[in-house]
Amino acid sequence: MQDIADITPLVASLNPAQKEAVTAPPEHRLVLAGAGSGKTRVLVHRIAWLITVENVSPLSVLAVTFTNKAASEMRGRIEQLITVPIRSMWVGTFHGIAHRMLRLHWKEAGLVQNFQILDADDQVRLVKRVLKALDMSDEQWPPKAVTHWINAQKEEARRPQHMSDLGDYTQRQYVRVYTAYEEACTKSGVVDFAELLLRAFEITRDNPEIQAHYRRRFRHVLVDEFQDTNTLQYAWLKVLAGDTGTMFAVGDDDQSIYSWRGARVENMVRLEKDFPGTEVIRLEQNYRSTGTILKAANGLISKNTNRLGKNLWTDGGDGEQIQLYASYNEYDEAEFVANRARELLDGRCRYSDLAILYRSNAQSRVLEEILIRARIPYRIYGGLRFFERQEIKDALAYLRLLHNRDDDTSFERTVNTPARGIGATTMEKLREISRASGVSLWMAAKNASSQLGRSAGNMGQFLKLIDDLHAETRDLPLSKATELLIARTGLRDHYRKEKGEQAEARLENLDELISAARSFEVDPGAASAAENPDEPVLDPLTAFLTHAALESGEEQAGPGEDCVQLMTLHAAKGLEFPVVFIVGVENGLFPSARAIDEGNLEEERRLFYVGITRARRKLYLSYAEVRRVHGVEQIGAPSMFLKEVPAECVSETRPRAGILRPGFGAREPQSGYGGGYRGAGSGGGYGGSAAGRPLPRTVVAGSSGLGPGGFRLGQRVEHPKFGEGTILSFDGDGDRAQIEVKFRDAGTKRLVLGFANLRGL
DNA sequence: CTTATTGGGCTTTTT
DNA sequence: GCCCAATAAG
């Protein structure tokens, strides 16, 4: 029996709804947790409650998240809350848990014991090679699209052998690639991300012992970000829980922003049907944002239909109005952000209190440029991550090849990196041999070196290098082995010779890899402490490679200290900042042109909702009247979503009245915006003009888009040779003035205006 | 085989 | 406008 004192810290700090969720009897629950309503808190406290009050063993708990970050945060917070050791508890990502099962049951899953994981990049490369082997052209069958199709099939748990031929040629070809791709994976002993989930699902569904074992074990299944589960993940959860396990799912349909990668919000409704007795608990009290920000968010999201329904509230104050800034262009917009940032930083803000959110990554470039000039330190999230870097993947491919010679993906990557005289022709020959004899590239190279002509010697050296390295490293600790490999394969010299500061960074990354390997070396003292049949024992190399595949690591850009945070709206989900700037709030950008085209506005609206609710105290929105998109200046209109934000929440700022908008493309921003309208952001403007009413325009009639030669942007023109077209942009002035025209038949051309002989239509 | 050049493409992203 | 990948030239 637990005494009262034990449970106080578990519930004392919770509001009634949170308390209801945490202390609910062990039955199915769906927690609709609004933004900033303490979702993670409820999940963590629920697990702690089950263990300390309901006397549930940590072994009986399965807690699933989407990201490694969320999983480790959850584990850490539970550990802080209770004294019971939870080392044996399965807390992890869908993929991490699937992987764990497959390591334990590799035989039943039909895998080889030392299977490796293919990342998204590797997968596309492999699909590409399969396409080539099937004589299907890259053009007609874009590898990325084919890969996407294969993954979509896997997410619906469809195997090629189950797919009926509907007499559709395209379908037939797709199935052909899918089949060949699967064979290639099996032959190489690799699985892609979707395959991890699919195999784990299949053994849980089809293997009675495995099913019984996990159902007996996992009495409590808890899922975070439930609105992001895809069909396969849901099916797996269902088959895991069976009718003995209880589901505790936490999610927010209003924050469903990943339907394009397979997430199915409908799973929230299905849960209620599939798990009888599921009670829904709503968390609507928000602890993050001001009343004004919540009002804006609520107003916006109420325009969506098919919501499960929720209204955020706070018992805090209204706070400040949301500032909306109408900028001339993206440089002016960035200046506005930098100016406001500087003002805030003079006050009580640290750099890291500020976040700049945008719809697409391309928008970060201009912001970066301006922030550098303003000497404001920043950090961009969402670049290349550590284990995705070229040099790191090179080194890892060698490690994988040492581990398994039949790993063709790694063979292809390493064989001529660094260059050792094994070119495309040789590899083409080798692939043909391997295809014909049905063996891996490695075996083919071993057996048929005589058929490789002039490169046979080089190939022989490569094979020997791998064999020698294997012998030399087999008894070394992993970090030493990695170090030796990087030196002996010539990778280090290869990158040393590369010029530029990039090379420097690459060498540092290789060193970083060596020290990362060190943390996977077995520590003989701690290892055998608790041998659990439910914990796979991985050799250091496998553990290291798995870590690299499943946790691609923090992205390395910039110093980790006090910085302004730049990221996409998608990347911001789950985070919060005292001050948030959302830039580029324009039709065509946000909502994106494609979303408008396809009528997918609800998800874009949710994305805006996510963005707004990231802000604690201050929120700035901005849009540009003109923006360069894919190198072409485009006139934008404020986002349709702005009209949906209650007018009283917003006050609008404009560049100082009376200053004309600069002529389109008359000057490049560097020189153009420096003089004319610098400091526009801090200028007076006129507040109070609420979003929703027509926005006053400072444009002087007729000046809009007027370029050299009297032509206007978007004007229809005729060229003696190219025919009719539309003006896309102007560049420069005087004799050198250029004009970019999109012709109806001749494509887009850049012409010198003086010679173009254009006639306006 | 390496290096320079051209051409296409282009939301969002975790594992 | 920028980045990648596929081609052409060295």
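The count begins at 1 with the first shown residue.
Using N, Cα and C of the backbone, Cβ positions are placed for all residues, glycine too.
Just so you know, TrEMBL annotations never went through curation; they're auto-generated.
Annotated in TrEMBL:
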{"type": "DOMAIN", "residues": "A:12-290", "note": "domain 'UvrD-like helicase ATP-binding'"}
{"type": "BINDING", "residues": "A:ALA33, A:GLY34, A:ALA35, A:GLY36, A:SER37, A:GLY38, A:LYS39, A:THR40", "note": "ATP binding site"}
{"type": "DOMAIN", "residues": "A:291-574", "note": "domain 'UvrD-like helicase C-terminal'"}
(message) Using the CB centroid of A:ALA33, A:GLY34, A:ALA35, A:GLY36, A:SER37, A:GLY38, A:LYS39, A:THR40 as the ATP site centre, which other residues of the same chain sit with their CB within 8 A?
(response) A:ARG41, A:VAL42, A:ASP252, A:LEU283, A:ASN286
(message) With Cβ-Cβ distance below 8 Å and at least 6 positions apart along the chain, what are the contacts of A:THR40 (ATP binding site)? List them in sequence order.
(response) A:ALA70, A:GLU73, A:MET74, A:ARG77, A:ASP224
(message) Taking the Cβ of each of the binding-site residues and counting other Cβ atoms inside 10 Å, which one has the highest number: A:ALA33, A:GLY34, A:ALA35, A:GLY36, A:SER37?
(response) A:ALA33
(message) At a 10 Å cut-off from the C-beta of A:LYS39 (ATP binding site), count the other C-beta atoms across all protein chains.
(response) 23
(request) Show which residues of the chain containing A:GLY38 (ATP binding site), separated from it by at least 6 in sequence, have their CB under 8 Å from its CB. (result) A:LEU14, A:ASN15, A:GLN18, A:LEU283, A:TYR287
